[in-house]
Amino acid sequence: EEVRDAYIAQPHNCVYHCFRDSYCNDLCIKHGAESGECKWFTSSGNACWCVKLPKSEPIKVPGKCH
């Protein structure tokens with residue numbers, strides 16, 4: 001399966017906000033990624049970034065979280 005590095009998304013194009021790398025690492029691995037970290041996302045906070053996340057998993061795309 002193809003993979004990519006990206007911000008993993010919840011339903012409705014919303015990111016997973018975070019404070020700790022360990023939270024994102026566990027979340028990303030649970031969704032099939034190699035690893036994850038808590039990265040700067042916008043001025044409103046940080047979000048989980050996954051490394052080698054399977055293409056079948058949703059990622060943050062341009063547009064609002066709704």
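Heads up, the Cβ atoms here are built off N, Cα and C, so glycines get one too.
The feature domain 'LCN-type CS-alpha/beta' is assigned by Swiss-Prot to 4-66. The disulfide bond feature in Swiss-Prot is assigned to Cys14-Cys65, Cys18-Cys38, Cys24-Cys48, Cys28-Cys50.
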Alpha-carbon distance [Cys50 (disulfide bond); Cys18 (disulfide bond)] in Å: 13
Return only the integer: C-alpha distance in Å from Cys14 (disulfide bond) to Cys38 (disulfide bond). 15
Does DSSP give Cys24 (disulfide bond) helix, strand or coil? helix
Among Cys14, Cys18, Cys28, Cys65, which are disulfide-bonded residues, the residue with the most C-beta atoms within 10 angstroms of its C-beta: Cys28
In sequence order, the disulfide-bonded residues (Cys24, Cys38, Cys65) whose C-alpha falls within 10 A of Cys50 (disulfide bond): Cys24, Cys38
If you run the three-state DSSP split on Cys65 (disulfide bond), which class comes out? coil
Can you tell which of the disulfide-bonded residues Cys28, Cys48, Cys65 lies nearest to Cys38 (disulfide bond) in space, using Cα positions? Cys48
